[in-house]
Structure formats: C-alpha cells, structure tokens
DNA sequence: TTTTAGTTTAACCATCTGGTTAATATGCGA
DNA sequence: TCGCATATTAACCAGATGGTTAAACTAAAA
C-alpha cells in the first residue's frame, strides 16, 4: 500500500467517524502513520481530501444502485434486488450512510452542484417504470416518488440512525446485525405486498 | 426575552445547522447579539450549552411520542396517530431529526448514558401490545421490533436524509413539504394494510 | 445617596488547527 | 558513482477557537 492509499484509507476512517468539521488533519496523519505535511503534499488541503473520500463513498454506491434501477427487470424484482444488495453492502460499510447523509445535510450548497455533475443514484427510469406498471394494473395506484422514498427509508434509515435505533429499541450490535439480515428479505416482501394488486 | 433565552435560541439555530463540531461560540454570540463571554457566564462551556440544546430537542419529542405509545388505543390507532403527529411536529422543526441523529452517531458513548438516565422515547409497552394483538390474531405474525423500526423509518427518514432525498428525487422544498403532507395519512394506511389479518 | 449583587463587555490568553517551508532522505537512471 | 526528481520530515506560522479576567454598567436594596 503506497502513501497516497494509506492517507486515503486513514482519511476515510476518520472522516466517517467524526465528520468533516470534527476531523483533524493530525488525526488522519496519525491514523496513516505518516507526517502531516504528506497530507498536503498528496491531497493539497482538507477540503479536497474530504471530497476524494466523499466521492469515493458515493461512487461505490451509485453504480450498484443504478445498475439495479435501470435493468430490464420488473419493479418487484428491482425492489427485491435493491433492498437485498444494499443491506448486504452496507453491513460491510456501516459508517457510509450516516456519513453521506450528515455531510449532505451540513453542506446544502455543495449538494446542488454535486447532483448536477456527478455519478449519482438516479431513480427516474424506475419511476417511469412504476407509472407504466400502474397503468398496466400490476401495481396499485401510488405516488411513484413516495414509493421510491419508502424503499430508501426502509433500507437506509436503520443504518443512518444506527445509534438512535439501538438506543430506543434496546438492541445490541449483534442483535442489530441480525435484524438487518432479516430485513434483507422481509422489507421487499412487505413493500411488494402493500402495492401489488 | 432575557439573555439566557436569547443565547439558547441562538445556540439551537447554530448547533442544528452546523452540528457540535462545526459550531463556533462566536457565531452563537453573533446570532444572539451579545458578547461571547455571556455564553460562558450563562452556560459554563460549549459542551454544557450543547447538552442543554440537545436535551431540550429530545424532551420536545419524547413525551409526545410516549404519550401515544403508552395510551390505551389499539396498535392501528397508535400507528395512525404517531405518524400524523410526528410529521406535523417535524414539519415545523425540520432541523431536529438530522441534528439528533447526527450527534448521536458522533457521540456513541454519550448515547449510552443518555438512554439510561433521561426521558427518552420508549416503545417497550407498544412492543408488548403488538405481541398481544398478534396472539389475538388481529395482526399478522411479525417481529415487533422490526415493525416499530419500520414506523420510525417511514416517518423519520425523509427528514433525517432531507438533502439527499431532495437531490435524488429531484424535488423542491415545496414539493418535499407537499409529499410530507401526503405521508401524514398514507404511511399509516400502508403499514396497517401490510400487517392486518 | 451609597452599597451591593447581578450583568455585560472589551481585551486578553493558551492552545489548537490547517497549512507552509526548507532541509533531508530515497531511489533510480545515466 | 553521481545527478536528479520524487518522497518525507521537523520545525514553523498565522489565524482561529474556547475560555478567562478584570473592569464597567445596571438596578434595586439599605
């Protein structure tokens, strides 16, 4: 692993744990086991290092999601596949959703430019497909955007609000993971069941 | 409005917008229109001022939620009432959910003490009631904790991940609020529909 | 009016933080 | 081996940041 990779991984760990504002460049350097000046040598400044980490996080998720959203499967198949593979992925990267959500909420102006230029999840094709399947009588008449929001809510929320969920439901880390394993299949069944005619 | 209230309100605004780490004491002082030394005179230090704001945020939500969870209504009535009143409340305080979730994720050790001592949302009675109604054949056999999690996910997520939701679904602020108005009734119907026998 | 307790402020301080610099180390082609 | 570009570091810097202090202001009691 070269220095740039060491820095990047260290930055990912620290940024995802403490957020942009809470992160100290020195802490990243310590985590990487190198001198602080190397951070600036390799990534210019804190903002650019952060953006590299943030973009990378998003670019891990976006293609996976879009591949599912834009495939030629049915809506039901897409819902099943999305929830399953998203939860599988996030169980391996549990800090990702809170990180992305937090930094988006804290940098609203950055979000606007971000969603115009970059490779982002785009459910517009799925939304069109939902409209079609409603017209065909496969799906009950629902607001397609609300349906997409429901799918994200059911899959992403438990990870986004991890600490609060564990606190309120009084579940341990392992119980939490077990619940998420269960959700891999139950969420899709539930959503499909509530919209199929 | 006395000085302490001015500071508290200013702190609430700044903390909820920028989070604990991103907040500068000077910015709170400016927002309150007073000298920075007054912050320390009234609230000792940043941590205590933050905790005052955080506890206040939670203490606005917790009793409302618990009043519903622990009433003598049916599960279906509770779901209907919770989703409706939570969304109504949060539409007036849209910064609350991201703020609470973010700070909980960033201070895991604080969360543990917090959930032991303080007045927090507690769904344990509701969970027992769900078990009973399942036994009575009113509700399909589901994991009660998963059901509670679903309810929170459907209501809280859109606010918690506000910026991301707006970005991904390409909705404006007013469209977003309109969607939330719609959700006040639809979520409950949907959840109830998926669990009633 | 004087005293006194509580408020409020300007100025200050130690420390932290992101970032720079100049010097040194490393490795590799000639 | 030498020369040179790249990689790495220790030391440093200016500005920001949380927090302190001592003085000044205010208002009500004595």
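Backbone N, Cα and C define each Cβ position, glycine as well.
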> Given B:24-43, B:44-63, which one carries TrEMBL's DNA-binding region label?
Replying inline: B:24-43
> Counting only residues 6+ away from its ends, which parts of the chain sit with a Cβ under 8 Å from the DNA-binding region (B:24-43)?
Replying inline: 3-4, 6-7, 9-11, 13-14, 18, 49, 52
